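Data first, discussion second: the structure below is written as structure tokens.
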Amino acid sequence: MAGGRRRGGSGRCGRPRQQPGTREPAPSPVPRSPAAAMAQQCAGTATRTSRPKKPVKEPAVTAPDVDSLGFQAMDHNVPGLSHVILQKLNMKSYEDYKSAMDGRKSGSDFGIRTYFDMFQKMEDTFKFCAECKKLPDALPDPKSLRRCKRCQNVYYCGVVCQRANWPLHKKFCKKLKLVALDRLVEWLIFTGDIPFPTDTWTKPARDVEGWEDWFSMQGQLEEKLGAILSGRYMTILWANAGKPRPEDRELCESVRRLVTDFHSRPLTIGLGLRLFGINPLTKALTVHVVGASHVETLNTRLTDYDELTRMFPGHWGMEVVMIGVDVVNGPIMRPPLAKPAPRGRVYLSSYKGLYHDFWESHVETKLAARPDLVVGFHPGFHACPDLLAGWLPTLLLLRDYRLPALFTVYSEQELKSSLQILVELEMHIMGYATNPFASLRPEQVYSSPNKAPVYCSSYYITLLGPATSAVPGAEELEDGDDWQGEEPSAAGSIAPVLG
């Protein structure tokens, strides 16, 4: 987290995020499930050998452990599920899992020797009856669980449970089919097949109103998608996934959804710059990503935010600094710049620790630049008092130093809860709206799949300094209200992402 840590994904790994109003963790952005850590760490299981890494010295940081809270939430819905996940990952304890999320375990540490092993173990972590919540070991015949033929996602211990669950499951079956497909195809992000090479934007950023416009600017799009579908790793995937290969049309749509998921964060940063009128073509910029975790930093490459260069061709240089207690050691674990970023480049750096500590040790001492924009992806401070307490120093720092800030949330319900907290903290809320660059990848609640899927960064909130007055009507928001957020004019015509 920033002042502590939040959200529940997907940093880039399967860490649990908490949704409002439930004890069940929402899915994390890339990957969404803890088991998908195997795909991330073992993308080259059969083709690479790993070198021993030097131990990383962990800073003494006190903050709520969201991973631990997520495991507890899983067991609340499906007793024993966290133990199954650890077992399939060849881990004895939560501490082993945390070590893996920190990048201190190689593929061989998971006990995986083949691609088939990897995909089978990933699938095994989803095997529990969606109706009675029983795990395989609790059944007379552990092999009696059967998967829904329609969605290929949820399991049942028998016909009785399947029939009892159908009135609920039929509402989400089609969407859960997409979730299950994307969960497998996501592996191609870690092999490097996704995303495909992108082109410099042919329209000004202000005229690109969403993903439809973005895809229209990608030259030879069909050829790029075709190369992914015919690639070596797509073939390996379906030879080992234990499921029939879908039609090319379905695979193309899955790749497109995952491409939006990959680029959602940098393009949301670009949206924030536009909303605040910050022009990358007139000066070098610094962006702080607060609350950065595994979701944003595990296996992150130095080029992962280069879409900002294509969004703002000719920019004067941008530095994106990932700051959080769960930042993972890797290529971007390098000190922030004290001078402007190189012209025309997006420079990624990071700091493992709390944001207010970073501010005192680096920004106030001129070891790092003061940010032009601060962004928090799914901060989750609405989820529980411990997380809000951890975030409080950061929120107050953003308010008192009048730093332009943008936060994203998963859902309208989470948006309402977050707005109420921000109003109580007397922060000036500039606006809130659906995000035109929200991920189009649907994500299920891990241990309770029969709920409406959510989408990463579905909504955004913009903040600047202390409030001169509360947002009209914000204090009256209730979960049952037929409510729609305001839409800042800079966002253009934005269609809601959630259905």
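Glycine is no exception: its Cβ is also placed from the backbone N, Cα and C atoms.
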TrEMBL annotation of region 'Disordered' - which of the ranges 100-124, 475-499 it falls on:
475-499
Please work out the helix, strand and coil residue numbers for the domain 'MYND-type' (129-173) from the DSSP assignment.
18 helix, 5 strand, 22 coil
For the domain 'MYND-type' (129-173), what's the model's average pLDDT?
93
